[in-house]
Amino acid sequence: MMNGTWKVDARDGKLAMAHIYVAFVALALGGLAGLLQVLVRSGKFELPAGISYYTILTTHGVLLGLVLTTFFIIGFQFAAVSRTAGTLSDRVRFWGWIGFWLMTIGTAITAFYILIGEASVLYTFYAPLQAHAGFYIGLTLVVVGSWISGFAMFAHYAKWKKAHPGQVSPLLTFMSVVNMVLWLVCSLGVAATVLFQLIPWSLGYVDRINVLVSRTLFWYFGHPLVYFWLLPAYMIWYAIIPKIIGGKMFSDSLARMSFILFLIFSIPVGFHHQLVEPGIDPAWKYLQVVLTFMVVIPSLMTAFSMFATFEMYGRSKGATGLFGWLRKLPWGDARFFAPFIGMLFFIPAGAGGLVNASHQLNQVVHNTIWVTGHFHLTLATTVVLTFFGGAYWLIPHLTGRVMTKAMNRLAIIQTIVWSIGMIFMSSAMHFAGLLGAPRRSAFSTYGDAPQALEWIPYQIAQAVGGTILFIGIILVLIIVTNLAFFAPKGETEFPVAEVAEQAERTPLVFENWKLWIGIAVVLILIAYTVPFIDMIQNAPPGSKGFKLW
Amino acid sequence: MHMHKYEKIWLFFGIGSLFVFLAVLGVGAFAQGTQPPSCLTTIDPEKVDQTPPFDKPGLVKTGENEYQLNIVASAFAYTPNQVEIPKGAKVTINVATKDVIHGFEMAGTNVNMMVEPGYVSSYTQTFDKVGEYVILCNEYCGAGHHLMTAKVKVVEQ
Amino acid sequence: MKTQLNTSTPKAKVEKEPALKGTLASVLFLGFFLIFTWVSVYFLFLNRL
């Protein structure tokens, strides 16, 4: 498995670090926006100087949901392919930089239009709310930049394959390629609605827009998007955590199989975000509910692999009893502790996700703050804590520094602070959501409705949790700044796990891209063709744009 | 492909549970009629006020204990915004929007649907308990989104 | 699946399956949590019908 160099080439490291800097700047600004939101929503504070709650909310969603994630993921994956499939060629690196600058310029343009109040449309930008064209153009540049980076990674992978005929590619490279294929296939949907619908319409070239088609294209993209966030966390869990704890990977083939299942099943599922909307036949909704449940399977496999990795390691160190192996895990190592806590939070996160996707059960929770609570467990805890845990070795590896004991201790504290804050905030969100409290809304008592007054204690709990989380953000920013600029010089390992002896050899079939992409496309066509034609054939008159903020 | 015996047990149990969930949902949806709101009727969003039944929004009795509640949504209000429903009534709620996407949620009930320009959203609910429910917009629609609300009172007949 | 107790099979590396009792217990606990959550919300839905 040990192909290529042990250390990421300094030039590749610079490319990865550029992405990571942008990601953490986004975390700082987006986190501040989040703090303001929970304070407003408690009913105890108001924003100064006429700043709109919804401008802040748009900022929060775009910076954390789109910018932090995409930049960290692409930076991490460039480092991972460089580490496992060898130093990038000058050409690949050049295109990586082009991708980076397109994404950064796009982010700056989009952020500008949000901050001047021309784009308070939230990060889902549902038509017929109409933002300034600059908002959509900026987002387009972000997506196009990410495509270029994706193709750069594909080119690097192809070069490795050519140099190693008949060999199984390094696991982290394989996983990065799967994730970028997933991203490319799904972002075609959002690109279609932005390029062919939203931009011409916001520039005034066309008058009207088909709202349901636009939403459907968005959600064709919107759910695989969350898997694009999750898979890099799974990369760290499968291929890196075993090395950090000093153990072995449970199985290379099962890891690849779960990634292929994600590639196949995570796209034809967008209707589960549209379960309570008109214009779509419920039978087609149900079909996509079934496909959504299939994408749970690779996560069930992952849960088993993770526990098995930990148990095998613990037992190799002499652990006995049913759970004795837990005590052998390196609890004092933040590189393990942060992602491990992220894994634990994925249990309630997954449970909530099953409810969301459950056809008519969606009526109980749709667009309530339960949903916000759900993705603050998935993205803002499971994924983000895993990324933090990754940053604790990736940044010093790339900057030629070492994490001090003090910083490691601070990172442990950071993880605990994050967990406490999130337990407060997310639980309150889940329970208030079951009572009916809506998401994406400023503070309101709805005319002093008795029901709405019942939600206020939960909203105060959210503010307490959100404030604790903001402290968590400050802590991680201190750690990251230290690791990037101030930590002592030295060598930090980029850990890559080896496979356990008893695991079987990995078959080559997982790299039969024509087969897997072919199956994915067939499923997409089955799930979407008929309802999409229905939408267009039975389309109501289109909508003009509205600017209601 | 080789799999540990316990992993097989786990996947059998896990995937089995998924299929049980799907079966429960499917029977509920297709045999017992608890489909999520999925009305396919279209409407010209600029002519909602002229299109029946939305030209005269409000509660209409359609049969023995059966009613239609027709509501127009627009930024940032529902018309009408106060409704009294007799206890035990089976009410088909129809909602249409004149401008952007809105939500239509009756807090504490299963009435929860997206309201999108060009479509009528419809859901039938029986109100068996006396009480007051708040209706609110749960999809962001602009600066006054959180002020968009209405009230339903279920009263003794 | 063939039983793999025999260590002298051609694949010398395939030994006895590792002991994963704790793993099975952990994932089953996870599974019961999923079922509990789902059933709870399902009954809330039925209650509100």
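The backbone N, Cα and C atoms fix where each Cβ goes, and this holds for glycine too.
If you check TrEMBL, you get these features:
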- A:1-549: domain 'Cytochrome oxidase subunit I profile' (DOMAIN)
- A:20-40: transmembrane segment (TRANSMEM)
- A:60-82: transmembrane segment (TRANSMEM)
- A:94-116: transmembrane segment (TRANSMEM)
- A:136-158: transmembrane segment (TRANSMEM)
- A:170-199: transmembrane segment (TRANSMEM)
- A:219-241: transmembrane segment (TRANSMEM)
- A:253-271: transmembrane segment (TRANSMEM)
- A:291-313: transmembrane segment (TRANSMEM)
- A:334-355: transmembrane segment (TRANSMEM)
- A:375-395: transmembrane segment (TRANSMEM)
- A:416-436: transmembrane segment (TRANSMEM)
- A:515-533: transmembrane segment (TRANSMEM)
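By the Cβ criterion (distance under 8 Å, sequence gap of 6 or more), the transmembrane segment (A:60-82) is not counted as touching the transmembrane segment (A:515-533), fewer than 3 such pairs being found.
Take the transmembrane segment (A:291-313) and the stretches A:94-116, A:219-241, A:416-436, A:515-533: counting Cβ pairs under 8 Å, A:219-241 has the most. Here the domain 'Cytochrome oxidase subunit I profile' (A:1-549) returns a mean pLDDT of 95 for the predicted model. Relative to the transmembrane segment (A:515-533), the listed stretch A:170-199 leads the set A:20-40, A:94-116, A:170-199 in CB pairs under 8 A. When Cβ-Cβ distances below 8 Å are used as the criterion, the transmembrane segment (A:20-40) is approached by residues 46-47, 53, 56-57, 59-60, 62-64, 67-69, 71-72, 75-76, 103-104, 107, 391, 394-395, 398, 425, 442-443, 462-463, 465-467, 469-470, 473, 476-477, 480, 484 of the same chain, each at least six residues removed from its ends. Through the fold, the transmembrane segment (A:375-395) approaches residues 16-17, 20, 64-65, 68-69, 72, 76, 79, 226, 229-230, 232-233, 236-237, 240, 244, 334-339, 341-343, 345-346, 348-349, 352-353, 401, 403, 408, 411, 414-415, 418-419, 422, 425-426, 429, 476, 479-480, 483-484, 492-495 of its own chain, all at least 6 residues removed from its boundaries and within a Cβ separation under 8 Å. Beyond its flanks by at least six residues, the transmembrane segment (A:94-116) meets 15, 18-19, 22, 26, 55, 58-59, 62-63, 67, 70-71, 74, 78, 88, 131-132, 134-135, 137-152, 155 of its own chain at Cβ-Cβ distances under 8 Å. Long-range contacts of the transmembrane segment (A:219-241) within its own chain (CB-CB distance under 8 A, at least 6 residues past either end) are made by residues 69, 72-73, 76-77, 80, 124, 171-172, 175-176, 178-179, 182-183, 185-190, 249, 255, 258-259, 262, 266-267, 269-274, 292, 295, 302, 305-306, 309, 336, 339-340, 342-343, 375, 378-379, 382-383, 386-387, 389-390, 495-497, 524, 528.
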